[in-house]
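Down below is the structure, laid out as structure tokens.
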Amino acid sequence: MLREAWLPLVVLVALGVAPLLGFGGSYETTLMARAMILGMAAVSLSFLVGGAGLVSLGHAASVGVGAYAVAILDAHGVTEATLVLPAAIGAAALFSLLTGAIAIRTSGVHFIMITLAFGQMAFFTASSLAAYGGDDGYTLYSRTELLGTRLLENRLAFHYICLGLLAASWGGCAMLLASRFGRVLRAARENPQRVEAVGLAPYPFRLLGYMLAGAMGGLAGVLLANATEFVSPATLSWQRSGELLFMVILGGAGRLWGAILGALAFVLLETWLAQQMLHWKLVFGPLLVLAVIFLRGGLSGLVARHHG
Amino acid sequence: MTTQLLLVQALNGLQLGILLFLVAAGLTLVFGVMDFINLAHGVQYMLGAYLGASLAAATGSFWWGLVLALPAALAAGLVLEVLVFRHLYARDHLAQVLATFGVILFLNEGVKVLWGAAPLQVAVPPLLEGGIEIMPGLQYPLYRVAVLAAGVVTAGGLWWLVERTRAGMLVRAGATNAAMVSALGVDINRLFTLVFAFGAMLAGFAGVLAGPIFSVEPGMGDNVLILAFVVIVIGGIGSIRGAFVAALLVGLIDILGKSLMPDLMRLFLDASAARQAGAALASMLVYVAMAAILAFRPAGLFPVRAG
């Protein structure tokens, strides 16, 4: 496990030194911030998909709830991180708890569909928030302040905050999966009947896992809102959830750190293709199909095979 | 809200329901028989609408457009099946969701390249122009009545096909236990391909019919797709009867919700807030209904598979 994990560590270190090696411009840091933030969301989704076996097609909703919490508090003049963070993470966790309580009663295809449906509900709710921009979205007055300082306005500081939180969410998810709680989750993914036979009901474990992943998505949402200083319903759209799933699969759902690689590859590929041509999705779509059909185990699977 | 307006909205709801049923029928069969999630089913509806629109423009007749678009939609479905979907039947749902998501990206963009991003307008065929009087002093567009009728006839034909013919029997058997059907000597892969292409044609048919009512534009299939998924999940995956009931239900909830909710909200809120909140609630109603139904009947209203 650790022997395989050299690549994501290299990636994290590379992201850490990149601003010092001439990639500290506004364009590069914006791009990297986007990749790291989406990486966080993807890691939390990978925890659900690869760890708990819960394929959610509505994960963008929890990211969006976190982002909208920032926007709504901003509109009411609250920009202090010590207030915004707990509120945003709490809101995302609560949203996941409530929707998860119903969704986790189902399984397989139904779970995919019902998470999609809840995501759509959140999307339409966001579109109707006329006070916060409605369909057009909401531009923040300022970035979130940390203990009264405008630390997040600083490009480098923001970069390292994103990096630190990305590393922390990877480590956190890995520790969760390795814990007794995570073992129950993984066991329930493989064989729920046996877990029940041992005397443990999978439901509360899954619900807690779903809520934790939602909370992490909410944290990513806070950063996303701050990175772009803009929040719109598109953040919650089901296409966004599909993209997050793609990052997880591109990286390889079997390994948490795969999601970091997946997010990075996704953002770089998307940006590069969009620079090359207007209709970049004509290439991106088939690439996605090919990746799914041929790249089983994802990028992290490729790496692991070479070192296996 | 007068009775007349309510009647018109109910008819609109039924007509949306019928279109949803045509899309959902193929989706539920593909889902039921092959255990395959096809997110790209919505773009097949879009493709049908575009083919219908441009073939109608080329031939100068809506009817020729319709007649030519159907085999074209069928062919498009076959091509997609051979190129992409065939390789995914044995994979898990996650892989299917993602690969078909890729197909959506490609086709939505491809349509933009071929036809431009601006919506296409399709004229109502001259034969079906004008309205008919459904109540004294109340006109309802003839074309919409025709769509309703065409949908009901198609639903009847589909019911006959699935319940009364040998091919339908195989499809039903496949939805219940595909492995057993294969073991009994039926070429299950050919059956898959046929069901798939047929479903694509039905979605295309719905697209052609929808052309003169909604605008034909890139991404028009996405919303329909999600509603169609709601339909088949509510109806019970693999069940045509369930899809029919659920489609009408979803169509009615959606349209009536959108017209009634703002007025309902006005009881509690001022006019502009009521319009906003009402619209949001109306968009959510369908999903609320789905969540409620799944919470109590996790396998839908008409479950096909036992257990």
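Cβ coordinates come from backbone N, Cα and C, glycine included.
Taken from TrEMBL, the feature transmembrane segment covers B:6-29, B:36-56, B:62-85, B:97-122, B:142-162, B:191-214, B:226-256, B:277-296.
Sequence-remote contacts of a segment are chain residues at least 6 beyond its ends whose Cβ falls under 8 Å from one of its Cβ atoms, and for the transmembrane segment (B:6-29) they are 38, 41-42, 44-45, 134-135, 138, 140, 144-145, 147-148, 150-152, 154-155, 158, 171, 175, 195-196, 198-203, 205-206, 209-210, 213, 224-225, 227-229, 231-232, 235, 237-240, 242-244, 246-256, 259-260. Listed as Cβ neighbours of the transmembrane segment (B:142-162) (distance under 8 Å, sequence separation of 6 or more from its ends, same chain) are residues 11-12, 14-15, 18-19, 21-22, 25, 124-125, 128-132, 168, 171-172, 202, 205, 209, 212-213, 240-241, 244. In this chain, the transmembrane segment (B:62-85) lies close to the transmembrane segment (B:191-214): three or more C-beta pairs between them fall below 8 angstroms, excluding pairs fewer than 6 positions apart. Relative to the transmembrane segment (B:191-214), the listed stretch B:36-56 leads the set B:36-56, B:97-122, B:226-256, B:277-296 in CB pairs under 8 A.
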